[in-house]
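**Student:** The domain 'Phosphatidylinositol-specific phospholipase C X' annotation in TrEMBL covers 81-230.
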Amino acid sequence: MDNSFVLEEIPVNNRRGFFETKHVFNNNGLPGNWSKTSDYQISGKHCFPYEVVSFLNGQIVDKQCLKIEPTWMKEFGDLILSDMMIPGTHDSGAFTTRSINLLFKRFILTQNSDIWNQLVTGIRYFDFRVGFRNNEFYLYHASARCTKLAPELDSIKRFLMKASSEVVILDFHRFVYPNNFTSEMHKKLQDLLLEYLGEHIFMRPHDIYTYNLRIKDFWSINQRVIINYNDRMQSARVPWLWEGLRRDWGNIQDPKELLSYIKYISSRQADGKIHVLCAELTLSISYAITHPTVTLKKFADSVNIMLTPLLREYHRADNLRVIATDFFTGNDVINVAIDANRRKLEQYTTRSYYGFG
């Protein structure tokens with residue numbers, strides 16, 4: 001890296017571990033012209049001006065930069081969607097909140113990046129919980145209102161226009177407010193989705209099993225948004241809504257128990273469907289009361305530092321599909337997914353699948 005200098009030297013005595021520096025990440029914009037308002041984006045990965053360099057006996061043995069992966073799916077056109085490992089976020093809209101109670105905020109926020117930054121970094125699965133208030137739709141975390149939905153849909157639309165190789169899954173998992181989320185509200189929500197994303201939504205009829213399509217099939221018709229909608233009446237009625245995805249959720253408060261659960265899930269035989277592994281801890285009310293300093297960020301940190309090596313070990317990630325995490329910048333799931341999908345591409349053999357033409 002030109003004009004580089006050492007911020008910190010860290011002696012390493014173990015094969016695994018983590019170190020938290022006191023240096024603040026100075027984000028002066030996204031590299032490769034990938035800011036939302038920029039034009040002429042450059043395809044491929046792009047590094048921020050920060051690197052982690054490993055030395056052994058004075059020689060460089062590894063070097064990794066902090067980077068974004070806005071077009072990582074470009075090399076996987078031949079992969080079948082249901083075979084891929086896809087990095088995702090849990091409670092994707094909980095990167096801000098309208099709550100003025102600072103104590104309450106520590107139980108609400110699950111991400112530190114808005115939807116645009118999640119997309120540009122490499123996230124392709126989004127877990128949305130929706131509420132309707134004051135004639136507007138919001139993304140929620142449980143009963144907490146987080147951010148307006150429309151601007152985030154606009155971010156997704158802009159991204160799809162700039163990144164023609166990327167396929168995005170929007171999983172509308174819950175409709176949380178009001179408790180009686182009416183059919184009229186569902187219709188308004190669906191109209192909003194069509195307004196922002198209509199030309200990009202995958203609209204094939206239900207006799208085509210979406211997840212058996214290859215990535216290049218979505219490219220060929222330029223319909224690269226899959227909308228899963230966890231309301232069976234609505235998904236049966238509307239041809240472009242697909243049923244909610246199955247979730248593997250352990251409802252666990254202990255990091256080691258969660259890792260054991262992930263090992264179990266990764267050992268199961270694949271069934272050709274996309275399952276969402278919720279790789280995050282669940283904060284219960286009783287736990288919060290007995291642990292007054294706990295936050296969702298601390299919960300996520302306790303998992304994320306162990307999650308990446310667990311997924312890389314024995315190539316466990318190869319047998320998983322969507323992995324949704326909290327505070328995803330604390331793990332390396334995006335790179336784990338890219339590596340896993342490269343292995344799948346190398347091992348691919350011809351198999352029957354639904355396609356176009």
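The backbone N, Cα and C atoms fix where each Cβ goes, and this holds for glycine too.
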**Student:** Mean pLDDT across the domain 'Phosphatidylinositol-specific phospholipase C X' (81-230), rounded to an integer, is what?
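**Tutor:** Looking only at the domain 'Phosphatidylinositol-specific phospholipase C X' (81-230), pLDDT averages out to 93.
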**Student:** Reported in the order helix, strand, coil, what are the DSSP residue counts of the domain 'Phosphatidylinositol-specific phospholipase C X' (81-230)?
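**Tutor:** Residue counts in helix, strand and coil order: 56 helix, 41 strand, 53 coil.
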